[in-house]
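**Q** Copied straight from TrEMBL:
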type	residues	note
DOMAIN	100-549	domain 'Amino acid permease/ SLC12A'
TRANSMEM	100-118	transmembrane segment
TRANSMEM	130-148	transmembrane segment
TRANSMEM	160-181	transmembrane segment
TRANSMEM	206-227	transmembrane segment
TRANSMEM	239-258	transmembrane segment
TRANSMEM	278-296	transmembrane segment
TRANSMEM	323-342	transmembrane segment
TRANSMEM	374-399	transmembrane segment
TRANSMEM	419-442	transmembrane segment
TRANSMEM	448-469	transmembrane segment
TRANSMEM	490-511	transmembrane segment
TRANSMEM	523-543	transmembrane segment
Amino acid sequence: MPNNREHAMLQAFLSDVTLRTIAKQEHIHRQCWTSTVTARCCHKAIPMATTEPKSQWQTSDEKQRKEANALAAGLPHDGEPLDQHVAADRLARKLSARQVQMIAIGGTIGTGLFLGTGKSLSTGGPASMVISYAIVGAIVFNTMLALGEMAAFMPIAGSFCTFAGRFVDDAFGFALTWNYWFNDAVSTASDLTALQLVFEYWNTNFPGWALGLIFLFVLVCANLISVRVYGELEYWLSLLKVITICIFIILGVVVNAGGNNSGRYIGDKNWKIGDAPFVGGIGGFASVFVTASFAYGGTESIAITAGETKNPTKNLPRVVKNVFWRILLFYIISVILIGFNVPYNRPGLYDGTTATSPFTIIFQMAGAKAAGSFINAVILTSVLSAGNHALFAGTRLMYTLAIEGYAPRFLGRLNRNKVPWIAVLSTSSISLLCFGGSFIGAGDLWSWLQSIVGVSNQLSWIAICIASLRFRAALKLQGKTHLLPFKNWTYPYGPWFSLTLNSVLVLVQGWSCFSPSFDAVSFVSYYLEIPVMIVMYVAWKLWKRSKIVSLDMMDLETDVHTAEDNEEDWEDKKTWKGKAHTASHQAFANFVAFPDFIYTHVLNTNTIINNLKMQLLTGDEISSILRELSEQDARQLLNALSTAMAAYTAQQNSQSNDKSIHQPLRTVIQTAKGDTTLVMPVSDSSTTTVKVVTQPAKGSIQGAITVYSAVGELLGVLNAAEITAFRTALATMTMLTRWAATVESAGRREMVVFGAGKQAEWHVRLVLLLVEGVKKVTVVNRTKDRLELLKEKTLDQLEKAYPNVEFASLVMDAEDYVSELEACLSAADIVSCCTPSREPLFSSKQLGADGSKPKFLSLIGSYKPEMQEVDTDTIRLAGKVWVDSREACLDEAGELIRAKMGKDNLIEAGELFAERATVALDPNARLTVFKCVGFALMDLTIAQNLLDVASSKGYGSTINNV
């Protein structure tokens, strides 16, 4: 059973000990997705640094409490055993990379290519067919990249249907899942109907209903036995199709060049006859899109195998990037050859029978005597393969509907082979539609079902693009973009391109049903899916009162896959049978891998750079990046740091030995010459950083942070000075922004800062950026020189950027320093002490903390027991002190040590960020104190996010082949 998600730092720590144990097997989704038992962990959301109420995520209603209590007892809320209601990853991961790649091919190369191209050529002509297939291919390619990115990050059986609910809206997920399940169920019926057309080539008297029943029985048995049986069957059927298409491409070129029955060169003659190359005008051109969509349909369903794919984070990106190029290659070349060799007005093309399949026609033109029977047998296997794939995908979607609470729960039950057997039987029952071919004609029924499935495919592609755009936006906002195992290099343009073009096609492709006269049957087949999906969305939304998921609250932790979840197929590796089995497919794999070479070495240069590069960021570059941060950028970093601090606190309070954050004590190296070096390593199990800071006996402090991936790849080297100052100020902001949202002001806030170094600078910058209503900033320092330097480098710029803010300075050796300081402190709402001091910078009386104006006091300057920024009376006046690390502050914070503050007097900020019920800011407190000494996890969080920002903005030096 997979363990908890180590790189999703909070996932293992935000529930009690009992639920933590159960969390390794089951999860409860958050309220924004569904309130059913579905994923792998019962946990609460980490609120970001916003003013949104926290009740949105809390399971406050009776139903959710019942579910949580039942889960803790080992039962779902309806009292049935847990093994009957498994989560998505309880399906057996038995599909190898070899099988998954062939499943992707088998799901797309079917009746749409072998039979549907004849209808496309007849209604639209050769040019319309080629252009339409190319456009739809581009749409699907971009869509698959977007889907692969999400599926590699979160490999679950429901795939994009689950993503639609989790990333967009619960009602959207409900409507899409049912729509796509219907798509696959109808596709199975469509393929069984096509089988009747195929058999008519040999025997027109064989009853269609009997044929459909026989092959339906075969498909159901293949899907009931084991997913491995399904995978192996699909592999060999797909292999046969690929070989046939390769032969067809060679024959197509030969036939066009003159190697045909007539011995004449064909060239582009068929593009110049009659109404060619565009037949039927805009109506004919538009109608081809739906048949092309039907032909490409199934490409996206490869992601549904994610829940049963070995090592999905490795195999799915490989499949998405490479297999589709092969499919595109097969489709486009095949369609071009059909357009050149077969005239659009050849009799019978529109009927879609095997005898008039463009593939059969070209084989016959090559002079092959048994061409008809051969291609008929191939089409038979391709139809069987496509039906097998559609039934598999539909079954997994029915399983998802059950575990997500969209369908009766019993539909998700598994047999001993981990196959959802009830879902198989339920989905296959829709295939009884194929028997209608005996009454209305198999050709007409197949054409009608083809249009319905084509439109359904397009709606699914639209949904994938919408989910992708929101998924990436949420990753960016929550500071988790670096966790993606595979990045869609076309984002954001690719998803927007597919979304826009697909939406237009859905609306206009039914043009032919209006002209020259209205065709009611065609109209229904083109547009039936649209109102059905809208009605389902609205109905579920009204019934469940679902809301669009906010980006900062989006669940990006549940079901995330990590390296430790990977399962190797040791049988294939260890045994002679496995080795021989692998070797037998190597030659074919090398042939099929040619487009992989083109993709990897020519088209996907971005992936190459990402895989090999190491970024070097100097202090000046880091300074430039941080100074260019917008408010939204800063809040994203604020959210990421809040999450890290909450994870740190949760782990410190946990009794479990299952740790995801590893932060050893820092190592101090001191030379005989007096040089001191600190080494501070930390890992959150997805990223490791090592911060090395050296204080020479003579000279200034030097430091660097190195960043490594979970497998030891060197990702970056960053100057430590600017990051240290920034992350400490940002840690203060995690508390200050919450305090400012809790404590009311009269529309005017004033700030006093002690110090004139980088810490003081960043406190001022971030307060102005993140806290509303600041009208005055006073900087206090010991010497005038440092103040003037700060004014020249920073304050003068800030005065221009914030013309409504008054900036003032105060030097400690000024004649009236005491009275002016007391006046400033008395009027201040925010006081930040950012300078190392062995004596208190002011007294509690000067601070005026016992007055009527609430104050927020941050202490970050003193980091040794002998240092003290404020007096003991100020600390005791606060009563409780908020800290970043209770243990570190008790060892290093001089003011807390002198005030004899114990553990009971200190509250870690991470407890507030984790929404512990007993911890909250007091809006009536006269003085709120936050003491921050900093820890290595803060450096890690900021460093890994800065690497992402630097890469997107072109900062840093890239070193390849590290």
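We number each residue from 1, going along the chain as drawn.
Placed from the backbone N, Cα and C atoms, the Cβ positions cover glycine too.
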**Q** Mind checking which residues reach the transmembrane segment (448-469)? Cβ under 8 Å, same chain, six or more beyond either end.
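**A** Long-range Cβ neighbours of the transmembrane segment (448-469): 111-112, 116, 139-140, 142-143, 146-147, 149-150, 160, 163-164, 167-168, 172, 176, 179-180, 182-183, 186-187, 189-190, 193, 289-294, 296-298, 300, 433, 488, 491-492, 495-496, 498-499, 502-503, 505-506, 509, 521-522, 525-530, 533.
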**Q** If you count Cβ pairs under 8 Å, which stretch among 160-181, 278-296, 374-399, 490-511, 523-543 touches the transmembrane segment (323-342) the most?
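**A** Ranking 160-181, 278-296, 374-399, 490-511, 523-543 by Cβ pairs under 8 Å to the transmembrane segment (323-342) puts 278-296 first.
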**Q** With pairs fewer than 6 apart in sequence excluded, do the transmembrane segment (278-296) and the transmembrane segment (130-148) have three or more C-beta pairs that lie under 8 Å?
**A** yes
**Q** With Cβ-Cβ distances below 8 Å as the criterion, list the same-chain residues six or more beyond the ends of the transmembrane segment (490-511) that contact it, or say none.
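**A** Residues packing against the transmembrane segment (490-511) from afar: 135-136, 138-140, 142-143, 145-146, 149, 282-283, 286-287, 289-290, 293, 455, 458-459, 461-462, 465-466, 468-469, 472, 522-523, 526-527, 530.
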**Q** Among 160-181, 278-296, 374-399, 523-543, which stretch has the most Cβ pairs under 8 Å to the transmembrane segment (239-258)?
**A** 374-399
**Q** Counting Cβ pairs under 8 Å to the transmembrane segment (374-399), which of 160-181, 278-296, 523-543 comes out on top?
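**A** Looking only at 160-181, 278-296, 523-543, the most contacts with the transmembrane segment (374-399) come from 160-181.
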**Q** Go through 206-227, 278-296, 523-543 and flag the stretch with the largest number of C-beta pairs under 8 Å relative to the transmembrane segment (160-181).
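**A** The stretch I would name here is 523-543.
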